[in-house]
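For reference, TrEMBL has these:
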DOMAIN    6-121  domain 'Tetrahydrofolate dehydrogenase/cyclohydrolase catalytic'
DOMAIN    140-286  domain 'Tetrahydrofolate dehydrogenase/cyclohydrolase NAD(P)-binding'
BINDING   Gly166, Arg167, Ser168, Ile236  NADP(+) binding site
Amino acid sequence: MPAKIIDGKAIAADLREKIAADVAEFHASTSVTPHLVAILVGDDQASAVYVRNKEADCAKVGIKSTLHRLPAETTQADLLELIQSLNHYPDVHGILCQLPLPAQIDEQTILDSIDPSKDVDAFHPENVGRIAQGRPRFLPCTPHGCQHLLIASGIETKGAHAVVLGRSEIVGKPLAMMLMQRGAGGDATVTICHSRTKGLSEITRQADILIAAIGKTKFVTADMVKPGAAVIDVGINRDESTGKLVGDVDYEALLDVASAITPVPGGVGPMTRAMLLRNTLTAAKLSR
Ligand SMILES: Nc1nc(=O)c2c([nH]1)NC[C@@H]1CN(c3ccc(C(=O)N[C@@H](CCC(=O)O)C(=O)O)cc3)C=[N+]21
């Protein structure tokens with residue numbers, strides 16, 4: 001039987017409907033409109049993709065959004081100054097600084113400077129620490145989107161062996177923590193693999209749930225996947241010959257092996273954006 005295709009676009013649309021209702025309810029009782037500020041420095045392509053859709057998403061659910069576009073040669077001091085002013089501005093609830101940043105700017109310094117209660121990416125060390133301890137304030141958008149796709153698709157994580165390919169601070173590491181956590185979308189047995197892992201395909205073949213977040217086109221081939229496994233593809237790569245977005249897995253080949261799989265585009269990407277909306281509402285609530 002061919003794999004069930006997990007429709008991230010539809011699941012994200014459902015989520016946005018719920019968020020829109022929650023935003024309306026929050027506004028009715030407080031008169032506050034949640035406000036997200038995004039900062040884009042330079043012209044990285046992946047970030048541009050993200051920003052293009054994000055403003056429309058905010059409008060759909062009644063969230064105010066502002067975009068600060070800064071030139072590629074912006075200094076770290078100037079960026080820090082902008083973030084400081086946004087931190088202090090009570091009308092701003094969420095702050096997102098698009099990664100990657102130009103080479104003259106130290107990303108960690110910037111992420112550390114965002115007020116943790118406005119950190120809708122959940123990249124600040126205080127928020128990462130809270131996730132690690134199982135008492136999150138915000139969940140990081142992409143891992144939360146992956147977890148929600150599993151829950152919405154009825155894929156049982158409890159007791160399952162989840163193998164996470166990739167150890168990034170943005171996806172792999174926090175997602176592994178979240179899948180391990182007690183409760184819905186958690187209770188999995190988690191293995192994290194990365195570029196130095198020996199015998200990679202022996203490990204990935206044990207996965208009931210395989211999450212690919214390595215940023216390499218078609219890295220996961222059919223022989224690396226156990227028949228019947230659920231596959232979540234976090235990759236957003238640009239195919240050089242066709243210019244199309246492609247994931248980290250050999251999607252066509254895996255259709256005959258996996259029980260469920262996310263497409264790219266239309267899988268994890270829309271979920272990331274929906275979770276950002278939810279975090280912005282959470283940030284607005286925290287400000288009260
Ligand atoms: N501080 C920060 N936080 C981020 O979350 C962040 C970031 N920086 N920098 C860039 C990456 C990339 N990213 C994407 C999210 C959604 C789609 C997305 O919606 N993709 C659509 C396709 C869009 C299209 O058609 O081009 C999809 O997969 O269906 C893409 C890329 C968030 N990022």
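Note: Cβ is positioned from N, Cα and C throughout, glycine not excepted.
TrEMBL annotations: computationally assigned, not manually curated.
Structure coloured by features recorded in TrEMBL.
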| residue | record | CB count, 10 Å |
| --- | --- | --- |
| Gly166 | NADP(+) binding site | 24 |
| Arg167 | NADP(+) binding site | 17 |
| Ser168 | NADP(+) binding site | 16 |
| Ile236 | NADP(+) binding site | 20 |
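Break the domain 'Tetrahydrofolate dehydrogenase/cyclohydrolase catalytic' (6-121) down by DSSP state and the numbers are 63 helix, 19 strand, 34 coil.
Among the binding-site residues Gly166, Arg167, Ser168, no residue has its Cβ under 6 Å from any atom of ligand 1. In this structure the residues listed as binding NADP(+) are Gly166, Arg167, Ser168, Ile236; their two most distant Cα atoms lie 16 Å apart. Summarised by DSSP class, the composition of the domain 'Tetrahydrofolate dehydrogenase/cyclohydrolase NAD(P)-binding' (140-286) is 52 helix, 26 strand, 69 coil.
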